[in-house]
Structure formats: structure tokens, C-alpha cells
Amino acid sequence: MSTGKVVQVIGPVVDIAFEAGQQVPDINNALVIDKGNGQSLTVEVSLALGDGVVRTIAMDSTDGLQRGMGVVDTGNPIEVPVGEATLGRVFNVLGEPVDNNGAIASDVRRSSIHRDAPKYDELTSSTEILETGIKVIDLLAPYVRGGKIGLFGGAGVGKTVLIQELIHNIAQGHNGISVFTGVGERTREGNDMYHEMEESGVLKQTAMVYGQMNEPPGARMRVALTGLTMAENFRDNEGKDVLLFIDNIFRFTQAGSEVSALLGRIPSAVGYQPTLATEMGQLQERITSTKKGSVTSIQAVYVPADDYTDPAPATTFAHLDATTNLERALTQQGIYPAVDPLASTSSALDPQIVGQEHYEVATEVQRTLQRYRELQDIISILGMDELSDEEKTTVNRARRIQFFLSQPFSVAETFTGINGEYVPVAETVRSFKEILDGKYDDLPEDAFRNVGAIEQVVEKAKTMAQ
């Protein structure tokens with residue numbers, strides 16, 4: 001093993017020199033710095049500067065580092081535990097348990113976090129719909145088992161709540177393995193998630209990996225790869241169907257941009273790293289389904305300043321099968337989940353996949369909502385009286401549809417005081433077909449707000465009439 005010394009520390013970036021005649025570590029190798037007092041710091045090689053000097057990114061705080069400290073090359077990239085031993089546990093970026101439930105046994109298999117994506121001939125595609133129980137998603141932007149799904153939204157529009165509800169609805173009914181990866185998000189949310197999973201009994205089938213907001217950019221940059229490596233092992237070596245939740249994929253990009261300038265790279269658009277598309281591609285191409293097993297990934301994507309043209313969310317869009325867009329204007333109307341029914345997309349909304357009736361109902365719902373959006377300018381200037389009878393009917397139905405696309409979530413019961421609702425796809429399609437047919441035109445609009453099945457609307461209308 002090569003040994004070297006720390007020669008420069010700039011924030012999370014550490015330069016290390018190896019003497020002449022020693023093997024210079026490869027790119028992505030993990031090096032261990034001895035900080036004394038039994039403490040060590042793991043860093044990852046990013047650049048070879050020449051003359052035996054390498055530039056590395058620290059996976060933890062560089063506080064207390066001094067020039068001249070000894071460094072050992074491990075000879076391998078960061079390796080994390082994989083397999084059954086990871087279930088029910090919480091790990092950091094290095095695969096070290098952080099849940100105070102004891103160390104992982106030394107004989108547990110470990111795997112490098114840097115791997116090639118599966119080869120083209122190993123891939124497989126699926127057309128099986130993944131039922132979420134959330135009306136707006138199942139109807140208008142359905143998810144595919146083994147697909148890649150993005151939840152896009154600005155700050156505070158409900159991405160994490162939606163991902164928690166999807167974990168509640170899918171992971172609890174899914175007998176396979178789940179991997180949850182917290183990338184640069186709030187530690188409090190991670191703690192809440194752990195306890196909720198523990199109470200619901202899902203934890204024993206779940207591996208959790210966290211690199212949260214308070215951690216250095218190195219940890220936030222690599223923690224997504226740690227979680228993905230654990231998911232890949234279940235897929236490739238155990239032939240399992242895996243659910244991979246990532247909250248938030250934007251922080252992966254953000255961490256890369258934080259260290260990019262320190263590594264000496266010239267920034268590109270909006271200050272992002274010039275390697276943005278490459279880094280995103282390397283991560284996303286590994287999240288896929290093969291002939292051995294599937295990985296269904298659900299990724300929250302923060303949209304800076306609600307700007308979808310920002311390079312980070314724009315780069316992510318290209319890799320996804322379905323997108324669920326959360327819209328701030330809908331939260332202001334009190335419609336939760338605040339999913340934009342016209343901007344959300346899915347490659348699975350196809351009559352050959354979802355069936356002819358589902359496809360026709362979904363497209364008619366979108367057409368009605370689009371017509372309502374076009375008429376809103378006329379309504380705001382001239383009022384409803386200027387519309388034709390047909391247009392008035394369209395507007396009234398569109399408003400009922402818009403309210404009926406909301407529903408109470410199980411994970412938000414403590415805030416709302418309303419029991420969460422899970423609505424099967426067949427029920428969702430039938431309900432919206434009946435609304436489009438005018439069966440419920442006489443019921444008040446407010447009866448459609450924040451309910452599950454259409455029968456609850458009828459009950460609510462009766463209660464309101466009393």
C-alpha cells in the first residue's frame with residue numbers, strides 16, 4: 001500500500017503527496033488520513049496533479065487536519081456492505097451504521113460504489129403498471145414497475161410528503177426490498193422517516209442511507225451511489241425487485257457544483273460543474289431493470305426558484321419514464337397533492353399499456369382542464385356570464401375534476417386530522433368517467449375537495465346539505 005502526506009487543505013478538498021517510487025493511487029480510490037487519537041478521515045481521489053500529488057474530496061469534515069499528516073491508500077474505491085445484513089439498518093456514505101444498533105459483521109460482503117452500468121443486452125423493459133393509490137398519478141401519469149420516476153417541485157410544495165406517501169402505499173404492499181437514500185435533505189425528515197418505517201413494520205425490509213444537509217459536499221455527492229450500490233446488489237445477486245427512493249437528486253448535483261471550482265474546473269451554465277450531464281448519466285444509467293431483477297426508482301427533484309429550465313432539473317428530465325410536477329399555484333388553492341395534471345407526463349399513458357378506457361378518460365380529463373385554463377382569462381375579465389352554456393358546463397366539470405384530483409394522505413393524518421385514502425386504479429377511472437358524463441354536476445364543488453372515492457363526495461354533499 002502506498003503512503004503519503006497531506007500537503008494542502010482547502011475546505012473539503014485535500015491535496016496529498018506520495019513520494020517518488022510509490023504507486024500513485026487511481027482515480028476514485030479511497031485514501032485514509034490518520035488524524036490521531038484513533039480518528040481517521042476517508043477521502044476519494046478526484047484528480048492526479050502530477051509529481052505524485054493527488055487532489056481528493058473528503059467524505060467528512062476536514063476540521064483538525066494538518067499538513068504532514070499520514071495517508072494510506074486502500075487500493076480500492078469506497079466499499080459498502082451489501083445484502084441481507086443491510087436491511088433494517090441506517091448507514092452513512094461509507095457504509096458505516098449510524099443507528100446505534102451495533103457494527104456490521106466483518107464477513108459481510110462489500111461492494112464498490114463505482115460500477116459500470118449494465119450492458120445493453122442485459123436490460124429489460126416492463127409495461128406493468130405500478131399502482132400508487134394516488135388518483136392524480138394513477139390516472140394521468142401512471143408509474144411503470146421497473147421505471148424511473150421524478151417528482152419535480154420548488155421549495156415547500158410537498159415533494160417529501162409525496163415520496164413518504166408513496167413509500168407508505170407501495171413499500172408496505174410490496175413484498176420486495178426497499179432502499180431509501182436521503183441526499184442533502186433535512187435530518188429531521190430522515191429521523192421521522194426511520195421511526196415511521198419502524199412503526200409500520202416496513203423497516204425490516206428496508207436499507208436506509210443518509211448524507212444530509214449538514215454533511216460536507218463529498219458525502220452528499222457519493223451517498224446516492226452508496227444507496228444505489230445496495231439496491232444493485234439485491235437486483236443482480238439476489239434477483240429481487242427493488243424500490244429505490246432518492247430524496248433529493250438535485251442535492252447530488254449541488255454537491256458536485258460545490259466542489260467543482262475547488263477541483264479547478266471551469267464552471268458552466270449557472271455555475272454548475274461542466275461534468276453535470278456525465279455525472280447524472282453515470283448515476284441514472286445504473287438505475288435500471290435487468291433480466292435478473294428490477295429497480296423501480298422514485299426520485300424527488302428540487303427545482304431552484306421554480307425554474308424548470310435550470311440545468312439541474314433539465315438534465316434529470318431526460319432520464320425519466322414518468323414525471324410528476326408539483327405546482328405552487330395549486331398549493332395556494334389548497335389542492336394537495338399539488339400535482340399539475342397537465343404538466344405531469346408518463347410514457348405509460350398508452351392504450352396498449354393502461355387499456356383503452358383508462359386512456360380515453362385520462363385524455364378527456366386533460367382536455368377539459370386545458371379548456372378551463374384557456375377560458376380563465378375570459379372569466380377573470382368578463383365573468384362567467386359571457387360564456388356559452390357548453391363552456392359553462394366545461395368550467396363546472398373542470399373545477400370538480402380539479403378538486404377531486406386532491407386526496408388526503410396517510411402520512412399527513414397528524415396535520416390534517418383526516419384519514420388517508422388509497423384509491424385503486426379501476427375505482428379512479430370509473431369515478432372520473434362519471435364526472436365527465438355529468439353524473440355529479442348537481443353536487444357542490446366543495447364536496448369534491450380532499451376525498452378518496454366518489455362515494456365519499458356523495459356522502460359529503462349530503463352532510464353539507466343538512
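Every residue gets a Cβ built from N, Cα and C, even glycine.
Feature annotation from Swiss-Prot assigns ATP binding site to G153, G154, A155, G156, V157, G158, K159, T160; the stated evidence is sequence analysis.
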I need the most crowded of these binding-site residues: G156, G158. Count other C-beta atoms within 10 angstroms of each C-beta and give me the top one.
G158
Using a 10 Å radius around each Cβ and all protein chains in view, which of these binding-site residues has the most neighbours: A155, V157?
V157
Taking the centroid of the Cβ atoms of G153, G154, A155, G156, V157, G158, K159, T160 as the ATP site, which other residues of that chain lie with their Cβ within 8 Å of it, listed in sequence order?
Y302, L326
Which of the three DSSP states, helix, strand or coil, fits T160 (ATP binding site)?
helix
Taking the Cβ of G154 (ATP binding site) as the centre, how many other Cβ atoms fall within a 10 Å radius?
18
Within 10 Å of the Cβ of K159 (ATP binding site), how many other Cβ atoms can be counted across all chains shown?
27
Within a 10 Å radius of its Cβ, which of these binding-site residues (G153, T160) has the fewest neighbouring Cβ atoms?
T160
